[in-house]
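Below is one structure; the comments refer to it alone.
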Amino acid sequence: MSSPNSGAAGEGRSQKERGADTMRRVVRQSKFRHVFGQAVKNDQCYDDIRVSRVTWDSSFCAVNPRFVAIIIEASGGGAFLVLPLHKTGRIDKSYPTVCGHTGPVLDIDWCPHNDQVIASGSEDCTVMVWQIPENGLTLSLTEPVVILEGHSKRVGIVAWHPTTRNVLLSAGCDNAIIIWNVGTGEALINLDDMHSDMIYNVSWNRNGSLICTASKDKKVRVIDPRKQEIVAEKEKAHEGARPMRAIFLADGNVFTTGFSRMSERQLALWNPKNMQEPIALHEMDTSNGVLLPFYDPDTSIIYLCGKGDSSIRYFEITDESPYVHYLNTFSSKEPQRGMGYMPKRGLDVNKCEIARFFKLHERKCEPIIMTVPRKSDLFQDDLYPDTAGPEAALEAEEWFEGRNAEPVLISLKHGYIPGKNRDLKVVKKNILDSKPTANKKCDLISVPKKTPDMASVQNEAKLDEILKEIKSIKDTICNQDERISKLEQQMAKIAA
């Protein structure tokens, strides 16, 4: 780590300098001290991609075990590429894109519970949710599964709930955060009066009960979205004027990156129960690129990728001083325009791979693989504790009613085999174009054949379900009829 510049004010400066020295001097035993990064060979990169030039500090790239998605330059609207992971090499200019937005796309995020569903936020003030065909795109996709409209200015942040199916958060330049039930296309929570200035980023905690935000007003806030209240906040978490980032760690602490008053890049660790002073604060260097943090809760490693930097620094977070331990730096020649980060279940456990980044250059995307050198060929269970799997722990309605659940964990001992994803269906309330009977038939067909008794019991249950649904639709129609006749009466009175 480069030492901070001299020339700042007296005592506080030397104290921070001492902190930085401690960070460098301590050589501690860690199985991650020798993690090394390696860029893949040229033929395993994704070439000839016009990466977006929009001036927005998002990562421009999202990856999962099936696909890599990259925001690209597009004339007459916004678009992003979705490539199957194996589709490396030169990407043809005519390759289909996801292109339904009318303004540039600013952020994309894969659904953690369905590897074929991705959300995008755009300058056109909308959020769109897309279903990607199982083997990737053969034609450009212009029709999203659902359009979520509620922001009055551009939408720069989208983030799926970590443990609940169909819950999506979006944040816009209207300083509002909206939490959507994607399954019904409704905005269920609107936090529009908590931020007085632009929101730089939003992060869910591990079970999705809280969010933390970093804002242009230099505050870091911890918010309970369902109670719609600020649980903790810190003014001037970093004193510099440049953008900050704040993310939750698995233990509930908050990790931030930002700038000092002297424009040095800083990182800090905070306990939301007492935000007066940071648990740790370290200065890094004087580059001006925003530091994007990527966190692995299984190994407690944080990777910092600066926009415009040509390096990835990584640190281990522990509960002993100095709490944030510098491990190493992966350096390359080319600066990064953005960065995608693979979920743990997409890594190659046989090669002791603990992280994989997808680094965006001006015209290509280059995977970078981080490995821990091990002599043994056996499964390294200390590197791969059970990790968050693709199964959602809760349904949207349960979470909105107040329930919380930890992620459903899976073992990576035999590698991760992607299962079949169910299609994302959006049931709009009060819209009578749904065909419940047809949907239910599909469900019945996919159920394995059981004994006749079991089958008939199941059919009865399904029938009950359908009848209930029909009844609720009829009730809705009755209510709407009553409402229409009341409105007609009012109109008649006004006309008279």
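Placement of Cβ uses the backbone N, Cα and C atoms for every residue, glycine included.
In TrEMBL, annotation is done automatically, which means it is predicted and not curated.
Annotated region 'Disordered' per TrEMBL: 1-22, in sequence order. Annotated compositional bias 'Basic and acidic residues' per TrEMBL: 13-22, in sequence order. Residues annotated as domain 'DUF1899' in TrEMBL: 25-89. The repeat 'WD' feature in TrEMBL is assigned to 98-140, 148-190, 192-233.
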Remote residues contacting the repeat 'WD' (192-233) - C-beta distance under 8 A, at least 6 residues beyond either end: 57, 156-157, 159, 161-164, 167, 169, 171-177, 179, 239, 243-248, 250, 252, 254, 256, 258, 270, 272-273, 275, 297, 399-400, 402, 404-407
Summary of DSSP states over the repeat 'WD' (148-190), given as helix, strand and coil counts: 0 helix, 25 strand, 18 coil
DSSP-derived helix, strand and coil totals, residue by residue, for the repeat 'WD' (192-233): 0 helix, 21 strand, 21 coil
DSSP residue counts for the domain 'DUF1899' (25-89), split into helix, strand and coil: 4 helix, 24 strand, 37 coil
Averaged pLDDT, computed only over the residues in the repeat 'WD' (98-140): 96
